[in-house]
């Protein structure tokens, strides 16, 4: 029997972002929880980024942000999570036909590279065209900017409902002015630009995720589990 396989994308950007000079990059909690959930449901999981590189968002490292099983999986060198991470691929090394689910993780680093990550977008569109699922969490839906449905040649999210990290959350984190000064976009703007309907959570830190056919989106790291479960369920619906 062919194993079920999921591909989790990471942002390649790792550079200064915050007012204190700290770097942004991958939000580790999102990939820890999505990886663990896929594995517990029988999936083989690989990681990919546009360039094959990545770095952690320094404001959300495990020592101050997570504990329990997440912390153990991150800190144990030979954990399944770290073994998979050590095998991270560049986007042009990936064969889309090997995977049934594409899961776009985020962190503020995604603001910089996802909208122009053409190779990641190509993988996602091919998985979707083959009957697979595209899922994205937090800032992950920025990958949808310019992502084309191969069958219709229209924006893949056109006419669909999506969610993602809201502007209200950026304001609460004190980074909305950084987005403006660096001309970085938001999930809601990407939705509007590509003909999708953006559904906001009641509060930016709520566990909130939605499914629209084979397209699944979640708001934040607190939504990692529910978004992953929705992606798995969407695959078999």
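Cβ coordinates come from backbone N, Cα and C, glycine included.
Database features (Swiss-Prot):
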ACT_SITE  138  active site
ACT_SITE  139  active site
ACT_SITE  170  active site
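Here the C-alpha separation of residue 138 (active site) and residue 170 (active site) works out to 11 Å.
Residue 139 (active site) and residue 170 (active site) have their C-alpha atoms 11 Å apart, to the nearest angstrom. Same-chain residues at least 6 positions away in sequence with a Cβ under 8 Å from that of residue 170 (active site) are, in sequence order, 176, 179, 186. In the three-state DSSP reading, residue 139 (active site) counts as coil.
Summarising the environment of residue 138 (active site), the number of other Cβ atoms within 10 Å of its Cβ, over all protein chains shown, is 29.
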